[in-house]
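One structure is given below, encoded as structure tokens.
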Amino acid sequence: MTREYAPPASGTGAPLSGSVLAEAAVVFAVVLSIHAAVWDRYSWCAVALAVQAFYVQYKWDRLLQQGSAVFQFRTSANSGLLPASMVMPLLGLVMKERCQSAGNPYFERFGIVVAATGMAVALFSSVLALGITRPVPTNTCVLSGLAGGIIIYIMKHSLSVGEVIEVLEVLLIFVYLNMILLYLLPRCFTPGEALLVLGGISFVLNQLIKRSLTVVESQGDPVDFFLLVVVVGMVLMGIFFSTLFVFMDSGTWASSIFFHLMTCVLGLGVVLPWLHRLIHKNPLLWLLQFLFQTETRIYLLIYWSLLATLACLVVLYQNAKRPSSESKKHQAPTIARKYFHFIVVATYIPGIIFDRTLLYVAATVCLAVFIFLEYVRYFRIKPLGHTLRSLLSLFLDERDSGPLILTHIYLLLGMSLPIWLVPRPCTQKGSLGGARALVPYAGVLAVGVGDTVASICGSTMGEIHWPGTKKTFEGTMTSIFAQIISVALILIFDSGVDLNYSYAWILGSISVVALLEAYTTQIDNLLLPLYLLILLMA
């Protein structure tokens with residue numbers, strides 16, 4: 001975890017710590033690498049956005065130190081505005097390049113919209129910080145104004161009217177989600193994490209609305225619609241119950257029965273009809289036919305069920321070892337928490353090799369289950385609410401400082417996003433060549449292998465610390481080495497991977513992301529796979 005900033009002296013700002021500067025240097029290295037690979041007007045916009053985000057991040061950090069931010073953010077980290085601001089724009093740029101080379105103009109334009117949307121929500125977060133900073137930071141305002149002016153001018157002459165409206169719709173949804181969820185969930189996010197998570201949810205919600213209104217023209221894949229409906233449905237369900245339980249005690253049997261009944265009503269009366277309208281099939285029958293379509297899928301489902309059972313047994317075993325006298329203070333050691341990373345790696349690798357579409361759907365179902373169980377735990381819904389609170393409290397760390405426990409959901413997202421985000425039409429004309437062949441494995445490499453090995457080796461035998469952090473040089477080096485070995489094993493077992501001698505780029509990408517893991521204080525389960533995905537796609 002990165003050291004926090006020292007409190008600023010009265011009337012002055014604290015100097016930037018070395019760890020924050022190092023994190024910024026890593027992010028700028030990624031931005032400049034993508035800029036060199038793409039080199040168009042959109043990549044220049046990304047560079048301008050990164051420069052202004054670097055300066056505005058300092059203002060956000062001062063607001064957090066002084067307690068002047070509008071909402072309550074997570075206090076064990078810096079604002080993280082710079083690394084979070086660059087994810088969606090860079091992802092859109094590499095998506096545009098990939099789909100352009102694949103000859104798919106629809107998803108090429110989609111990538112541009114993703115980049116423009118990411119820049120819009122990042123600029124909004126910057127404006128918010130500058131608007132509430134006192135005294136007004138004139139120099140930073142001028143710099144942000146120049147960067148914003150450049151981005152708006154270029155996007156105005158690059159986007160169609162419909163695409164501009166789409167960007168503005170996402171921005172409007174983002175503003176409202178910020179006001180609602182940051183109020184309902186204090187201390188669950190840093191400003192950067194809120195930008196990344198709520199920006200993604202806003203984009204997904206807008207895509208679902210857009211496709212629902214043009215359902216006659218929609219020819220999308222049912223698995224894509226399944227993901228959109230599940231994500232939006234679970235978020236709306238959480239907002240509904242959070243509002244409802246303001247007026248009633250959620251821990252009673254009457255409230256619990258009402259919760260389960262309303263969940264059935266929302267699922268059967270809203271989510272399923274919505275999905276039926278999009279895919280023109282009975283969703284339950286389609287899902288059953290999809291899951292049991294081939295023998296390979298049946299074997300994978302059985303294997304994953306065994307791994308899920310093993311994960312539950314690990315939770316029960318670790319809780320059984322917990323001293324009863326210190327039940328609330330005792331925390332599971334780092335190695336015990338990393339058991340779940342090994343289980344997730346064992347889950348995803350066979351799915352990526354044998355049936356990525358099944359893994360896509362299974363990860364979506366698992367996300368819905370995780371979020372539902374978190375609602376049950378958070379609202380203390382009987383009969384499992386109190387039990388889940390007791391069992392999961394053992395695995396909390398400093399990042400779970402808010403009312404929600406999100407680290408396991410972030411782990412699932414980090415492993416799944418490389419599967420979900422890359423448009424399949426842009427990868428079907430032959431297998432991905434070079435470093436891009438490792439894109440589906442970005443989550444496995446960055447989180448499943450890299451973060452796990454760095455944590456275990458760093459905590460057990462690390463002695464040389466990176467300046468300003470608790471992370472160690474030994475942990476980072478073993479992380480890089482373990483990921484290189486993993487790439488070699490992927491080459492052996494996955495015949496569809498052909499790296500085409502792009503080993504230097506792969507090694508550089510892995511090393512940069514390992515350095516980001518060493519210096520960032522944001523949720524690494526979410527941030528690291530996205531940056532590795534971006535670098536591999538470039």
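The backbone N, Cα and C atoms fix where each Cβ goes, and this holds for glycine too.
All TrEMBL annotations are machine predictions without curation.
The following features are taken from TrEMBL:
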TRANSMEM  12-34  transmembrane segment
TRANSMEM  107-130  transmembrane segment
TRANSMEM  136-155  transmembrane segment
TRANSMEM  167-185  transmembrane segment
TRANSMEM  225-248  transmembrane segment
TRANSMEM  257-276  transmembrane segment
TRANSMEM  296-317  transmembrane segment
TRANSMEM  338-354  transmembrane segment
TRANSMEM  360-380  transmembrane segment
TRANSMEM  401-421  transmembrane segment
TRANSMEM  441-461  transmembrane segment
TRANSMEM  473-493  transmembrane segment
TODO: Answer yes if the transmembrane segment (167-185) and the transmembrane segment (107-130) have at least three CB pairs under 8 Å among residue pairs 6 or more apart in sequence, and no otherwise.
DONE: yes
TODO: Would you mind listing the long-range same-chain contacts of the transmembrane segment (360-380), meaning Cβ under 8 Å and 6+ residues beyond its ends?
DONE: 223, 226-227, 230-231, 233-234, 237-238, 241, 245, 250-251, 255, 259, 263, 287, 290-291, 301, 304, 351, 386, 388-389, 392, 403-406, 408-409, 412-413, 415-416, 419-420
Open item on the list: Give the nonlocal contacts of the transmembrane segment (136-155) in its own chain as ranges (CB under 8 Å, at least six residues past its ends).
Closed with: 41-42, 44-45, 48-49, 51-52, 55-56, 58-59, 116, 119, 123, 126-127, 130, 164, 167
